[in-house]
Amino acid sequence: MAHRAEPPDGGWGWMVVLSAFFQSALVFGVLRSFGVFFVELVAAFEEQAARVSWIASIGIAVQQFGSPVGSALSTKYGPRPVVMAGGILAASGMLLASLATSLTHLYLSIGLLSGSGWALTFTPTMACLSRYFSRRRSLATGLALTGVGLSSFAFAPLFQWLVSHYAWRGALLLVSALSLHLVACGALLRPLSLREDPVMGGPGTQLTSLLHHGPFLRYTAALTLINTGYFIPYVHLMAHLQDLDWDPLSAAFLLSVAAISDLVGRVASGWLGDAVPGPVARLLMLWTTLTGVSLALFPVARTPTVLMALAVAYGFTSGALTPVAFSVLPELVGTGRIYCGLGLVQMVESIGGLLGAPLSGYLRDVTGNYTVSFVVAGAFLLAGSAILITLPRFCSSASTSKPRDLVTEAVDTKVSLTKEGLGED
Amino acid sequence: MRALPGLRGLRGPPSLQLPLLLLCLLAAVRRGWADGNTTGAKATGPSWGGRARLGPASPLTTLPIREEMMTKYSNLSLESHNISLTEQSSVPVEKNITLERPSRIELTCNFTASGDVNSVNVTWKKGDEQLTNYCINATGKNLYTQYMFTIINSNQMGNYSCFFEEEKKQRGTFNFRVPEVQGKNKPLVTYVGDSTVLICKCQHCSPLNWTWYSSNGSIQVPVDVHVNDKYAINGTNANETRLKIMQLSEDDKGSYWCHAVFQLGESQMHVELVVLSYLVPLKPFLGIVVEVIILVAIILFCEMYTQKKKMHTDDGKEFEQVEQLKSDDSNGVENNAPRHRKSESVSQ
């Protein structure tokens with residue numbers, strides 16, 4: 001088999017972008033819009049809201065912690081069979097969920113089965129995308145990740161319509177059919193063999209080599225810190241606005257504005273990441289610092305205009321850091337080890353994501369308002385960006401790194417799901 | 001309709017209410033007596049009993065009855081309501097009052113006259129019926145009129161209006177209703193074999209009783225709770241009722257009505273239940289599955305086709321295989337391809 005020296009940077013790569021777009025939509029869009037089912041399930045099973053929220057939490061946790069498994073399998077067998085298998089798993093999880101007669105069934109079907117399906121799809125796809133592009137990697141990643149934002153807009157009303165016509169059982173059945181398109185997306189992932197591949201060895205060797213790689217570990221630490229702070233506004237912004245006596249409609253409007261600027265930020269940053277020479281880690285640090293600053297300024301803002309401006313700024317900068325975060329990793333570990341690297345980072349990052357929202361909630365309970373929460377979130381982001389300075393070749397103008405967004409995406413989903421959970425209590 | 005001087009309306013502290021009330025009644029009675037049997041000699045409801053009908057506002061008979069009523073029902077709560085009108089009010093002013101329990105009612109209308117206060121004609125009506133026994137009082141340009149009565153059952157519920165006639169007739173209406181029941185506006189969708197709960201809620205009220213009816217068409221049939229394990233009615237609070245229906249079948253679909261029974265009337269709400277069979281969403285599901293299979297087949301066939309084309313046209317060129325297993329590094333074999341062999345070094 002021929003091994004390419006350089007990633008194709010186009011050609012079939014754009015089909016991979018399309019596949020990644022639909023995959024991020026189908027994995028994270030579904031997870032984010034799961035809140036629509038929340039109310040129905042609480043009524044149908046007559047359970048407490050907290051217990052029903054566990055369904056989504058288990059799904060996200062399995063997706064995040066299972067990422068290394070997906071990565072390892074893709075290293076061995078290539079992304080295509082792994083993603084297609086993941087798609088079948090995710091769809092069958094939803095299918096079984098529609099037949100559920102108790103909450104435990106849902107934990108196992110959606111949480112475990114669909115969660116493992118999602119674990120097998122997302123990470124391999126993003127890694128595959130990184131292998132297909134080098135010069136336009138950030139742009140490709142940014143475009144692919146817009147799938148998450150757009151699907152949240154589309155799926156929430158769609159799921160609501162499905163639930164009102166078919167009740168939650170029928171709606172889950174049809175969402176299962178929707179998730180089956182992951183298999184079609186997986187079919188698009190043509191295997192690509194690059195020059196580094198044979199040298200890299202199997203997944204076990206790659207994992208051990210990664211764990212000894214200093215910059216990789218520092219980068220993982222930085223991303224974990226970033227993740228801890230990143231989600232807090234998604235979870236608590238609505239509540240913070242209500243504390244300031246905003247009415248729910250205006251607050252929801254503000255969140256939509258932030259979501260739109262998030263989308264714009266992703267594409268703009270993707271383009272910028274490729275256009276600007278030098279390590280992409282610098283851009284990541286820029287966006288992370290700006291996000292941290294805008295977060296820390298949130299408590300200071302009182303007037304609606306300032307809050308709206310801050311929301312736009314936060315949305316743009318947080319969206320901007322996602323594709324760049326994906327771009328840094330290939331630069332650090334090389335395209336040969338990208339599958340394993342991505343999986344590992346995603347797993348560790350998720351710890352930050354899991355801790356971030358409850359920590360923020362705890363701070364709010366202790367202090368009575370969200371000021372400390374937002375400032376702490378900003379501090380986490382700034383700390384993460386400070387660690388980024390220690391990455392190699394940061395200060396010199398060497399060539400680019402690869403973006404890593406997997407973790408932030410998982411966090412996005414987790415946050416909006418938790419937000420839905422909180423909103424329904 | 002002249003207001004008596006010295007009377008300042010019944011705004012005094014509660015301890016003065018009863019004597020002021022009696023004075024007001026006395027005034028009303030005297031006025032009624034003076035006018036003879038013109039308007040408002042009719043009884044306002046069964047609470048006044050047959051005796052009030054004896055004659056047009058016969059002072060000796062109506063006064064003791066009112067006093068009797070007042071003392072008998074003095075343990076009921078008092079509700080006071082107020083409407084302000086001016087000459088310029090273009091739309092009739094309405095006030096909606098929800099009432100659950102029997103109460104004593106005090107309705108006051110306040111009118112700002114533009115001309116002579118004494119030329120304003122004041123009347124009270126319940127629906128179309130004229131009322132008597134109301135007081136009128138004037139201070140400066142402001143005219144106050146007050147009507148007091150008791151509501152003890154559903155017959156006394158309705159619309160009470162005060163009219164002020166100067167040049168235009170101004171009207172203020174007090175609408176008395178029992179509290180409303182909230183249910184779901186959208187139909188409840190369920191599947192065969194599931195169980196569901198229909199909820200009716202009433203905010204800030206506690207009905208005496210709740211009853212459930214099911215209806216096909218216009219006839220309401222009570223829900224038989226004693227059919228084994230099919231229905232269960234329970235409510236966690238007094239202001240809520242839940243009808244749990246188990247083992248749903250297609251026959252259970254239709255409209256269900258919940259009635260909240262109060263001392264002063266009933267209010268009802270309906271909930272629509274739709275029971276679907278599992279085949280209903282299964283059809284679009286299978287359609288989508290077929291579509292995905294076709295899509296995957298197209299993608300894979302396209303790829304195999306382009307591979308075959310490459311194999312035939314680029315003879316001896318290297319090609320990426322469709323197989324999913326990564327093969328070993330076999331690039332030594334087909335070496336004459338002018339494609340992407342930049343350097344021979346395999347190390348990175």
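Heads up, the Cβ atoms here are built off N, Cα and C, so glycines get one too.
TrEMBL entries are annotated by machine, without manual review.
The annotation compositional bias 'Basic and acidic residues' is assigned in TrEMBL to B:316-329.
Feature annotation from TrEMBL assigns domain 'Ig-like' to B:92-162 (among others). Within the model, the domain 'Ig-like' (B:92-162) carries an average pLDDT of 86.
The feature domain 'Ig-like' is assigned by TrEMBL to B:179-260 (among others). Residues of the domain 'Ig-like' (B:179-260) grouped by DSSP class, helix first, strand second and coil last, total 3 helix, 40 strand, 39 coil.
For B:316-348, the entry in TrEMBL reads region 'Disordered'.
Here TrEMBL flags B:1-34 as signal peptide.
What TrEMBL records for B:285-302 is transmembrane segment.
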Counts by DSSP class (helix H/G/I, strand E/B, coil) across the domain 'Ig-like' (B:92-162): 6 helix, 44 strand, 21 coil
